[in-house]
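Peer 1: TrEMBL feature annotations, pasted as is:
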{"type": "DOMAIN", "residues": "7-122", "note": "domain 'Tetrahydrofolate dehydrogenase/cyclohydrolase catalytic'"}
{"type": "DOMAIN", "residues": "143-292", "note": "domain 'Tetrahydrofolate dehydrogenase/cyclohydrolase NAD(P)-binding'"}
{"type": "BINDING", "residues": "G170, R171, S172, I236", "note": "NADP(+) binding site"}
Amino acid sequence: MPQAQIIDGKAIAESVRQEITNRAAKLLETSGKRPGLAVVLVGEDPASQVYVRNKDRAAEACGFHSVKHTLGAETSEADVLALVEQLNNDPEIHGILVQLPLPGHIDESKVLRLIRPEKDVDGFHPVNVGLLTAGERDSALVPCTPAGSLVLLKRTLGDTLSGKNAVVIGRSNIVGKPMASLLLQESCTVTIAHSRTRDLPDVVRAADIVVAAVGRPEMIKGDWIKPGATVIDVGINRIPAPELGEGKNRLVGDVAFNEAVDHAGAITPVPGGVGPMTIAMLMVNTLTAARRLLGLPDEEPLF
Ligand SMILES: Nc1nc(=O)c2c([nH]1)NC[C@@H]1CN(c3ccc(C(=O)N[C@@H](CCC(=O)O)C(=O)O)cc3)C=[N+]21
């Protein structure tokens, strides 16, 4: 096979953020309101701090109002719940994102269920999960990473997803399950594979579309990829890279990119693939949430 097309997630994310910036400017002009995003971080995980800073920065670049709440790792569950309740009732805030994972003493599901579904820009509240699963994607807030992955697929393949075999590897509530719902709604034939799946290489070999979201570095091998298939690599794994110097790391996906690039028709890189799209879709969801809370109609969906 010739080398695959490398799907430029950074460039596509930039174009999505540009569209959102324009739409937010129009909203400001017509209503005097800015979309408001609140990001809550509990604890000091360095990777989470980087992501939260990137979200804050992206929101400001889109012309949004953006606030960041950083709480100590020892913060009680009651205090986190009280902050969510305060943000639920804050008219300047249209989107609430509580960075996951939360420290072990906090019941994640309890926190996510308290977020008003209308402000749930992560799409993790049972109301949004239910809408997406029931085929009412356009009324839901859709989780950012699967939504971003679908944008990449549509920008790469056009409107030709119908009837394709899609294999999603990973069954998390954050990526695998909502990704499968989105692909099903695009009329793909969807398989969800996971750690107990038998003959995974052969399951993947049947796929026209592979979405890898397992969190194991370079687990999906090149010769598992059907010639010409489209590969979306959701994994972001930090592995030791002594070649870069003592104690250095590098980022790799769940797919062995250097092998898969000789089999796939198109593939996302890590970094620069799905990651930037996740943040762009958070901006999309925040604008959508703001418009709905202001009683305005939805705009043309971006995916
Ligand atoms: N409630 C919640 N919502 C989330 O959306 C959420 C979360 N919790 N917890 C953590 C994960 C992780 N996540 C990423 C976002 C952007 C990049 C990203 O922009 N990555 C860049 C570079 C990353 C780097 O250099 O470290 C890239 O892939 O090119 C990565 C990861 C959102 N998450």
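Using N, Cα and C of the backbone, Cβ positions are placed for all residues, glycine too.
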Peer 1: Please count the residues of the domain 'Tetrahydrofolate dehydrogenase/cyclohydrolase catalytic' (7-122) that DSSP assigns to helix (H, G, I), strand (E, B) and coil.
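Peer 2: With helix first, then strand, then coil, the domain 'Tetrahydrofolate dehydrogenase/cyclohydrolase catalytic' (7-122) has 61 helix, 18 strand, 37 coil.
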Peer 1: Over all pairs in G170, R171, S172, I236, the listed NADP(+) binding residues, work out the largest Cα-Cα distance in Å.
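Peer 2: Output for NADP(+) binders G170, R171, S172, I236: max Cα distance 16 Å.
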Peer 1: Take every residue in the domain 'Tetrahydrofolate dehydrogenase/cyclohydrolase catalytic' (7-122), average their pLDDT values, and give the whole-number result.
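Peer 2: So the average pLDDT across the domain 'Tetrahydrofolate dehydrogenase/cyclohydrolase catalytic' (7-122) works out to 97.
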Peer 1: Going by DSSP, is R171 (NADP(+) binding site) sitting in a helix, a strand, or coil?
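Peer 2: R171 (NADP(+) binding site) sits in coil per DSSP, no helix or strand.
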